[in-house]
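Residues or ranges marked as active site, proton acceptor in TrEMBL: A:160. Residues annotated as S-methyl-5'-thioadenosine binding site in TrEMBL: A:36, A:111, A:142, A:143, A:167. Residues or ranges marked as spermidine binding site by TrEMBL: A:67, A:92, A:160, A:161, A:162, A:163. Per TrEMBL, domain 'PABS' is recorded for A:2-240.
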């Protein structure tokens, strides 16, 4: 008897209407929280796979790509040890795990769904491990509300959210980006996952456009994420001063070598990727 | 009634054992040649999709990525108008279409399966259009045999082949690369598609290793191809002298602008991509 799961791509902003990723499953566990449905699949190819409301969020096999790439380009651009970092979303803990490698004093993680965090702590220990670190301050609240009124508190703000449906929708709007800008310290950096430029072209374009109304420097970049729609994924950095493309090559190489000596090898990010990820194919910002 | 097709990834060198891409189909036509089974799907998301022996080869929606990226990095590195270019495989004609934009005097295309070419000419005109150009010399033969004994004939040799199963297997071997090197003119460039570094990691690594035994300069590079296994795809350039990373930035920008003025916009390749595509994530060449 064989068990298979297909994520059929759908929902607001999804350009694909008849495509899915199909994976062979050894075992499945499901749960329901006040915010969403959780499905944990033990898959043949990707190890454990976390699915929220039918959409694959993270897998043991390829989570390193998403988590390294949402964190390291911004943190290596910052050019100083971060005192305080904010993560909005990021319930599985992988983003916090990568941030801690930069020795921050404190990480605030604001996640709306406490049960996802508890589920990840129990079922995905290699991803959620860092959530027990004493520098991590877990706040179960609405990230949109949390950031309102904060001024010059954070060195880096990372939005590790799901698609613009349900609770995450407000995290794609200009008002939120304005509040985030105010919450950043001098020289601080905002970064958000910004969907697939192939499968969610309009949503990606809108994130970049809205960020440009708020931040003078806006830099979208790409990574290969095999278990996300189309495999072509994007993140976007917004900042007032700090520019990932203006980081000096030799200086970055030095910081990276020191980082690896102290914290161990990374699996995706390196100085070549730091610059190369910002190369964007022509079709992404062109009308069809 | 709904019709769906799933490509379940399999075959020699495929690391994924329980993954597939599922697409919604409006219409399907199949044929059988002496070499392979052809399936032409009219899909909801990708337009017409060519499937050979169960593996998706090309689609109207994303073919531009593969065809631009197998051609332009090498042709923009060459630094001169190509007199003669060889394509091995490439039955759908998309690779030849991109080569012709560089005004070669002559393109030899050696394809083993005449019926695939005829099928593409009939069913995929936007991809196969260039095959009727008078500069194109279509040869229906075994590419491995064709190249044996050729000396200093080609400016660029492009291997646009399928997975290392069946007739394409010999196109992944050192002996073939040696013959290809001999067939290149002074300053010439060899380029081959080199599978997915995520889904066919060992095969990709072996292509790069074997090329390194033959060419002093070997440069793997990446592109997002949503309809190929994992979406993370690679090509590898081999050459004696010409190095895509040594091309001067300002000079490349000038050539590119001139190219676009004369030949029209490209949809994927641009000077940023030219350099950025060569950034390779750490995991690709690391033992696990």
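First residue shown is number 1, and so on along the chain.
Backbone N, Cα and C define each Cβ position, glycine as well.
Listed binding-site residues: A:36, A:162; maximum Cβ neighbour count within 10 Å falls on A:36.
Residue A:142 (S-methyl-5'-thioadenosine binding site) sits 13 Å from residue A:162 (spermidine binding site), taking the CA atoms of both as reference points. The residues near the S-methyl-5'-thioadenosine site, meaning same-chain residues not in A:36, A:111, A:142, A:143, A:167 whose C-beta sits within 8 angstroms of the mean position of the site's C-beta atoms, are A:35, A:89, A:110, A:112, A:113, A:141, A:161, A:168, in sequence order. Note: the Cα of residue A:92 (spermidine binding site) and the Cα of residue A:111 (S-methyl-5'-thioadenosine binding site) are spaced 10 Å from each other. Spatially, by CA atoms, the recorded positions A:36, A:160, A:167 include one closest to residue A:67 (spermidine binding site), and that is A:160. Here residue A:111 (S-methyl-5'-thioadenosine binding site) is positioned 15 angstrom away from residue A:163 (spermidine binding site), judged by their C-alpha atoms. Across the fold, the C-alpha of residue A:36 (S-methyl-5'-thioadenosine binding site) and the C-alpha of residue A:162 (spermidine binding site) stand 11 Å from each other. When each of the binding-site residues A:111, A:163 is scored by how many other Cβ atoms sit within 10 Å of its Cβ, A:163 comes out lowest. Neighbours of residue A:67 (spermidine binding site), defined as other CB atoms within 10 A of its CB across all chains, total 25. Mapped onto three states, the DSSP output places residue A:162 (spermidine binding site) in coil.
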